[in-house]
Amino acid sequence: MNTSSLLLAVDSGNTAIKWGLHDGRQWLAHGKTLQSERRMLKQNWTALPAPASILIANVAGLQAADDLKALLAPWHVHLEWATASARQCGVISRYSNPAQLGCDRWVALIAAWHRLQQACLVVDVGTAMTVDALSASGEFLGGVIVPGPDAMRQALADRAGIFSMPLSGSFQNFPINTGNALYSGMIQALTGAVERMYDQLSEYTGKQMVVETILTGGGAALLAPHIHIPHQIVDDLVLEGLVIIAGAQAEIPATR
């Protein structure tokens with residue numbers, strides 16, 4: 001195997017770490033581990049061939065970053081950390097402070113733009129749910145952040161005096177018990193945020209242009225049946241974006 005093009009892409013989110021080994025054409029291996037169990041990654045990564053490059057999108061804080069550095073140290077490969085910027089890989093940021101945008105959101109936007117090349121929403125349903133808008137010319141127009149499914153249900157259970165209710169239920173248009181009321185309210189709130197942003201982006205781009213929506217993150221499958229707009233689920237959107245960024249960096253000659 002030619003290892004000179006091997007990339008280890010790592011998506012270090014608030015709840016879990018996703019990773020994949022890519023050879024420039026396809027994924028050779030991939031996995032997912034909870035942040036609380038991230039030291040188990042040593043077993044997964046020891047079995048891999050040494051990558052030529054490592055690119056990480058980390059939003060889980062300094063301790064997670066330090067642990068990743070220690071886990072990856074045996075390969076003696078320089079670690080690259082994804083950061084948001086004003087312009088990259090065809091996407092232009094309108095964020096008031098581009099560097100302040102979460103690197104996972106930025107990388108996901110790059111992946112979505114390369115997939116669709118059209119106006120779209122990028123919805124990442126995780127610990128928090130982000131709903132970000134891309135214009136038809138690849139401009140990141142802005143986005144919203146709301147609590148994700150688990151955070152929303154837990155907050156209601158903890159603070160609404162419903163301590164004995166399990167965090168479960170089923171969706172009903174008109175719920176007739178407390179468990180279903182909690183669950184259905186969570187679904188309505190999250191899908192409402194997505195569909196409101198969809199309407200705003202459709203208005204911005206012009207009603208004649210179809211806006212696509214990409215759902216990603218651990219809660220994407222939970223929301224998908226309840227979203228009544230054009231959409232698709234992409235499981236590893238951030239990892240895709242890391243591959244695109246790494247490929248673009250490889251095309252730029254090194255300077256001293």
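The backbone N, Cα and C atoms fix where each Cβ goes, glycine too.
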Site co-member for ATP according to Swiss-Prot, given ASP11, SER12, GLY13, ASN14, THR15, ALA16, ILE17, LYS18, out of THR83, THR127, THR130: THR127
10 Å Cα neighbourhood of GLY13 (ATP binding site): matching binding-site residues from TYR95, ASP104, ARG105, ASP124, THR178: ASP104
CYS103 (substrate binding site): secondary structure state under DSSP, collapsed to three categories: helix
TYR95 (substrate binding site) and ILE17 (ATP binding site), Cα-Cα, nearest whole angstrom: 26
Alpha-carbon distance [ASP124 (K(+) binding site); GLY102 (substrate binding site)] in Å: 12
